[in-house]
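**Student:** Before I ask anything, here is the structure I am working with.
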Amino acid sequence: MRISVNWLQSLVELNLSPEELGELLTIAGLEVEEIEDRRSWAAGVVLGRVISREKHPNADKLSVCVVDIGTEEPSTIVCGAANVRADILVPVATLGSYLPKVDLKIKPAKLRGVKSSGMICSLAELGLSKESEGIHIFPDLDLPSGSPVGPLLGLDDVILEISPTANRADALSMVGVAREVAALTGGKLSLPEIKAVSVSDQDLPISVTEPQACPTYVGTVIRGVKVGPSPDWLQQRLLAAGTRPINNVVDVTNYVLLEWGQPLHSFDQDKLQTLVGPEGFALGVRFAEEGEKLITLDDQERTLQPQNLLVTANDQPVAIAGVMGGAATEVDENTQNIVLETALFDGVTIRKSSKAINLRSESSTRYERGVNRCELEVALHRAIALMTELAGGTVVRQGKADQRQDRGEAIINLRLERLQQLLGKVNTPTGIGNITAEDVERILTDLGCGLTRQSDSDTPVWAVTVPSYRQRDIEREIDLIEEVARLYGYDHFCEQLPSNTIAGGLSPSYQAELALREACRGVGLTEVVHYSLVKPHGSEVMLANPLFAEYSALRTNLLDGLITAFANNQAQNNGALNAFEVGRVFWQNEGDIGEADHLAGICGGSQITEGTWPQGGKPQPMSWYDAKGLLEAIFQRLGATVTYSGDHQDPRLHPGRTALLSCNGTVLGRFGQLHPQLRREKGLIDEVYAFEITLTPLYQAMETQILGTPDFRPYSPYPAVARDLALYAPLELTVAELTQAMVKAGGDLLEQVELFDEYRGQSVPAGQRSLAFSLAYRVGDRTLTDADVEPLHNQIREALTKQFAVSLRS
């Protein structure tokens with residue numbers, strides 16, 4: 001925001017140079033990015049009166065002017081402007097002066113044979129405009145020739161370009177900065193005196209259908225205004241702030257926005273009436289419908305989105321609320337009656353609306369950060385007073401829809417002991433000490449806070465009442481402590497390190513993620529990273545304002561990206577891509593947006609990566625069990641016990657070669673071979689396997705094994721007793737179900753169950769397969785005998801025959 005020092009001095013007592021003020025504000029947190037000293041722009045430029053103007057004898061487009069600049073003898077100046085004439089007041093750059101905005105030193109010159117002693121200036125040459133059609137002509141002034149023109153053009157000013165942090169919405173106004181300067185320097189505030197305007201006729205119809213998005217809307221009708229240029233003082237203040245003057249009505253709304261931080265907007269009432277027809281109009285606030293259009297004040301036709309909040313007249317859009325008005329109701333030189341809008345719009349709503357159509361304005365910037373809801377009426381009365389003073393007119397009607405929730409007073413308890421503990425020692429005039437209670441009371445009082453002591457001890461506690469204009473960023477005790485430190489001055493604190501330090505560490509979730517990535521890399525997978533933005537296909541979460549159509553939606557899974565990457569690598573003859581990705585996915589959930597962290601992986605090709613020599617020159621494709629073993633190795637490294645069951649829900653995976661992964665009764669995800677149809681569409685090799693799992697339940701299973709205290713168990717020094725078990729099982733019966741039944745029946749003596757053979761073919765009953773398991777029995781205190789093992793082994797055999805339709809072969 002651009003801060004005029006002259007304007008600031010009218011609001012607060014200020015005895016600092018611009019450089020000192022800039023340093024003070026920067027140290028206090030309102031960073032001053034640039035100091036623009038305009039006083040040098042018109043140094044040596046004075047007010048001159050053109051006594052006579054004659055045509056140049058040797059040039060058709062030049063004039064020879066005699067100009068009174070307050071010296072004993074008038075100056076002869078050759079001028080090329082078409083609008084120069086006798087008896088006008090103009091700015092004259094005298095001999096020896098320097099115009100920094102055009103890098104021109106004024107010297108005696110001879111133009112086409114005529115001597116010229118100075119230059120009559122345009123606003124462009126003085127740095128006040130980019131282009132100019134001629135010299136600047138002052139209105140009749142009661143000033144002698146030779147007077148400096150700097151004060152007349154606002155060039156006796158210094159501009160500070162400040163960049164407030166996002167939490168300091170109050171600093172986006174001149175009054176807010178004046179309050180800050182008063183708190184920092186102790187200067188006296190001189191805010192403009194504002195008288196309340198009473199309106200007896202309160203029958204202007206206002207309908208707000210979205211009270212959360214628009215808690216307050218006030219419309220005020222002012223009739224009989226006379227639109228014209230604003231006075232010089234108002235135009236100069238607007239120009240200093242970087243705002244182009246338009247006319248007195250519009251300039252007043254912009255001026256109040258800059259002064260109080262409250263956006264306003266003026267509608268031409270007669271144009272509103274023409275737009276809606278002969279019947280009376282009612283103002284309203286609602287969200288846009290898909291496909292609605294509105295031409296805004298910048299003459300751009302906007303296609304509106306459902307996120308856009310609109311101001312309507314009889315339900316017809318007339319403005320994008322809080323962002324920009326509509327061209328159809330613009331105030332111009334023919335306007336006689338206006339409707340003045342003053343409103344509170346929700347910051348989040350305005351931010352979404354602004355982004356949806358890629359349009360930002362001074363109003364939207366302030367609404368996004370939050371305006372002071374308690375000073376809305378102050379800004380309204382200020383605008384009405386200025387408008388009736390500068391444009392005439394009479395306030396005749398008003399309407400208000402006010403559903404503001406009463407926040408009440410924000411009271412926060414502040415402990416001096418806590419403040420001193422956090423801030424530490426400071427350098428005082430008498431040496432090193434603590435911030436005193438008197439310092440705290442002085443600083444917070446200067447900030448506009450009210451203080452009530454709760455105790456009179458050496459370390460008192462105060463009940464601090466926060467002013468309304470700071471309630472958005474001062475919400476807790478720590479915020480008050482920060483304000484005390486900021487205004488006391490960071491340069492007064494002692495330079496010492498904290499005495500008590502705490503060892504840092506990684507959060508459990510981050511430890512789990514690191515362990516997961518290490519486990520995946522440990523089994524030979526390469527980590528890849530894809531964009532989280534994808535091309536939409538129908539069910540994705542769409543972006544409101546995407547940069548490109550190809551990246552206009554949030555991904556719903558990771559596997560699609562891995563499949564595409566696998567196909568690209570294969571097409572480039574880079575071989576099979578054995579890779580994994582950890583990332584976040586998004587989905588629609590009953591109007592809300594859900595999100596979760598996922599792990600996905602893909603593998604295929606030959607299972608031997610060292611070459612084809614061991615297979616006699618023939619590659620050996622990866623089998624389903626090879627890929628499953630790779631996934632199990634990851635889970636084993638993570639200490640998670642995962643069970644497998646049949647599944648055919650994912651259309652990308654082979655329905656007969658897909659497993660549902662579960663851990664502690666919670667579904668993790670799926671693993672399987674890619675569907676043949678998908679492989680043909682992508683041109684992939686036959687043996688490609690993939691998995692995708694949700695990480696939250698996996699992390700929970702990892703907490704004890706990986707993130708908690710390790711559980712060490714010694715190896716048994718005694719040998720295991722091995723037994724084989726072969727059976728015929730139906731094809732739909734999974735190995736996981738058989739394994740679970742054996743583990744449950746075997747109890748503590750059964751150490752391991754491993755499938756070592758599967759056969760389908762001749763001598764196997766139709767619809768079945770032959771499975772062979774190796775069972776290992778072991779304990780840690782002795783060697784098991786046949787008498788220990790045989791009863792338990794028979795118990796397992798009986799459990800299988802009772803629970804499943806299997807036929808034992810051994």
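Yeah, the Cβs are placed from backbone N, Cα and C, and that goes for glycine too.
Predicted, not measured: the structure shown is a model, and the values here were computed from it.
If you look up Swiss-Prot, you'll see ASP473, ASP479, GLU482, GLU483 marked as Mg(2+) binding site. Under the heading domain 'tRNA-binding', Swiss-Prot lists 39-150. Per Swiss-Prot, domain 'B5' is recorded for 407-495. Residues or ranges marked as domain 'FDX-ACB' in Swiss-Prot: 716-809.
Context for these features, please: burial, neighbours, distances.
**Tutor:** Taking a C-beta cut-off of under 8 angstroms and a sequence separation of 6 or more, ASP479 (Mg(2+) binding site) has the following same-chain neighbours: ILE412, ASP473.
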**Student:** Provide the three-state DSSP residue tally for the domain 'B5' (407-495): helix first, then strand, then coil.
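**Tutor:** So the domain 'B5' (407-495) is made up of 36 helix, 23 strand, 30 coil.
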**Student:** What counts of helix, strand and coil residues does DSSP assign across the domain 'tRNA-binding' (39-150)?
**Tutor:** 3 helix, 41 strand, 68 coil
**Student:** Can you tell which of the binding-site residues (ASP473, GLU482, GLU483) has the fewest other C-beta atoms within 10 angstroms of its C-beta?
**Tutor:** GLU482
**Student:** Averaged over the domain 'tRNA-binding' (39-150), what pLDDT does the predicted model reach?
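**Tutor:** A mean pLDDT of 92 is what the predicted model shows over the domain 'tRNA-binding' (39-150).
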**Student:** What are the helix, strand and coil residue counts for the domain 'FDX-ACB' (716-809) according to DSSP?
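**Tutor:** Within the domain 'FDX-ACB' (716-809) the tally stands at 33 helix, 32 strand, 29 coil.
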